[in-house]
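K.L.:
Structure in structure tokens, see below.
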Amino acid sequence: MGPKRRELAVPVMASPLPVSFILGFLLLAKAPVCQAGDCKGHRQVLRGTPGYVTDGPGNYSVNGNCEWLIKAPSNSHRIVLNFTFMDTECTYDYLFVYDGDSYQSPLLASLSGNTLPQPIEAKSGKMLLHLFSDANYDLLGFNATYTFSLCPGACGGHGRCDSSTSKCQCHQDWGGSACTTRLCSKDCSVNGQCDKKGESCLCNAGFLGHSCQLGLHDDNGVGQWWLVSEGNPYTSPRTGSAGVYLSATAAMYLFGGFDLNRALGDLIKYNFTSNQWETRSYGHYPVARHSHTASEWTGNMIIFGGELANGSLASDVWMYRPIQDDWQQLGFSSTLGAPRLANHAAAVVDDYLYVFGGRTEEDMFSSSLYRFGLSGSGRWEKVQPTGGKPPATAGHSMVFHSPSRTLLVYGGHRPTTARFSVRVNNTDVFHVDKRFWTSFRSRFPATGPRERAFHSATVIGNYMVVYGGNVHIHYHEEKCYDEEIFFYHLGCHQWVSTGERQSLRGDAVRGRYSHVAAVMEGRVLLVAGGYSGVARGDLVAYKVPLFVSSDQGDRDAVCAEALDESMCLKNPECSWCEGRCREYQPTNPCGSTGCLGLARFLSDCQSCLVFSGTPAFLARAPGEFGWCVQNESCLPVSERSACRVDQISGAYGWWGERTLFLTSLHSCRTENYVPGLHLLTFQHPRNDSQPDKVAILRSTNIILSPYHRNGRSPTVQGLRPPVVGCSSTCNPSHQHCLHVGSHPEAPF
């Protein structure tokens, strides 16, 4: 088994995301198919009767390219491909499916990983399959069956094909051209009524969903997914789109996206009253694009950036006004300082649109933060931080938490070397008023989502809600897209588990990434479109648990449902007091609380004091923060007694037992004299004025290797004169400098 591989920084295909997804296995059946190990330049034509297609028994070969061309009896026939197994190396080995007989034909799917794909249909009478594998490792491959039909989708298993008319005759309760649409059922009558055609359920106020069973103002169905729409037959499924929910019209809006073949430039609207998608044309509107962002501002939708149809990146800003049903251009490509970006993240703060990270025309990863004045100024400003270091990233999420005045950047792809990038599950925070960046780093084990990119993040109540994303663990799990949902408490800064398996009213939830997520009425997460090997066109809704959506006055009742202390403390807004679970009360603390607080994440003096404290109404660890110099830890002021000097080998160091506890930001520069040795790490080519990493060593024994590892060389030194007997000259062969002393926190 080779070393763990990192993700390529450059996508393998010209798409808004690293194409991947699903394909399968091989049955040991006798048929004229390509054998394992021989899939290099192999081509095969399959015609005549329906059958199956597979890459052969055993694992497929590395560095392989195999093609299968399925030909229907005529060009009037459709070909429906149904997978029975899928297992390829996620994001590296693909099965591409085309509607035609060449690579210039429309791409229907790019499948990778081990998730079983849904049926795929070619309408041209031909379907080309291309299996590509790289040089790393191989897996079992795929197995699928194919059928021919004159009717759409072979009538989806819910109807009979009339060959004389090439139309489906659908079974009861099913409709649509392919009999894949559920008609209005008797369940609709509880909270709505069927339309005149009997196709859609018209929901009463306060209800939504395909059968109007999801209530916005009750506690039924929390922690569950609900189907709203299986898709719009008149518009393209899409990934890399952007959209918002606007309460003024009680509708969800999506603009643009990518259908795996072209950029889209339409605005589609989901009307929750009629339970239908709507679309219309405009005379003045943004050009087609994907990988852009959409944000809500004063009841309107703000669109920025993205990749255009010609591959260039956009820098214009548009506003869609739902009441007037029109577009207004707020920022132009010619505007001074306008950044050209795609795969970035955006959030509205007051009357500014903040934009961070993403892909530029010069680099795959940006670490720049910009803001655009929405209320008339129309000017761009590059936001210069007063401290901290912003990450270079793309495919991340960003939300604004108003009570703490912070932007939270989570996940995404980040560069490691010139060629590679990795997914991360890091959280970086920017204080918009103090203009300071910090990265949350805990000295204690933390639970939470795995590394991911192209996920979504929204704010509901006191929580950041993260859904989906592109995930993959080399050699361990070939899962490409995630279906899980996670909750991050923004006061206690910890992940909270629902402890529930995700299901879509009895069906398993399918993972996706590069989708659109929006919050409806503070209780429901809406998810539309995205990518799971194919571009998706569905709309689903998740009713968040009560601990997320409950109003402040209802939280005590939510806490009271916990019957023991262990269950109580899983909710950071509860405390176990006098034998019962109650809402945490900062002004009257009682008993234990599950809230761990922010201090444990702040790993340097300046971050500790810049982000000191949180709003009083949020459940949190009590008090303001202070910095303990000797053990380099951020502590609540109320826990100042925990600031002490640790012994090394049973004795105190030369700095003694005295501790220093700092509570002012200025003192970080003047009094934060950290004992120990500075370890400076340089990555080649070496730049002596810019170390790649700075750390402080406090061990009594230090082993320094005389050779370079991974292109890096360590240098250990202090910032004060060395003790007697220590040379201040570097050893050229080892590239080590040993200086001992106490020294202020270095502003590298």
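Here, residue 1 is simply the first one shown, and the rest follow in order.
Note that Cβ sites are derived from N, Cα and C of the backbone, with glycine treated the same way.
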K.L.:
Determine, on the basis of TrEMBL, the cysteine among C188, C212 paired with C203 in a disulphide.
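P.N.:
Checking TrEMBL, the candidate bonded to C203 through a disulfide is C212.
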K.L.:
Of the listed cysteines C179, C194, which one does TrEMBL record as disulfide-linked to C184?
P.N.:
C194
K.L.:
Could you state the CA-to-CA distance between C184 (disulfide bond) and C212 (disulfide bond) to the nearest Å?
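P.N.:
A Cα-Cα distance of 10 Å.
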K.L.:
Pop the Cα-Cα gap between C66 (disulfide bond) and C212 (disulfide bond) into the table, whole Å please.
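P.N.:
On Cα coordinates alone, these residues lie 47 Å apart.
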K.L.:
Taking helix as H, G and I and strand as E and B in DSSP, count the residues of the domain 'EGF-like' (180-213) in helix, strand and coil.
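P.N.:
Secondary-structure breakdown of the domain 'EGF-like' (180-213): 4 helix, 10 strand, 20 coil.
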K.L.:
Fill in the CA-CA distance, C194 (disulfide bond) to C66 (disulfide bond), as an integer in Å.
P.N.:
50
K.L.:
Suppose you look only at the domain 'EGF-like' (180-213); what would the mean pLDDT be?
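P.N.:
The answer is 88, the mean pLDDT of the model over that range.
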K.L.:
Please give me the CB contact count at 10 A for C66 (disulfide bond), counting all chains in the structure.
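P.N.:
By my count, 24.
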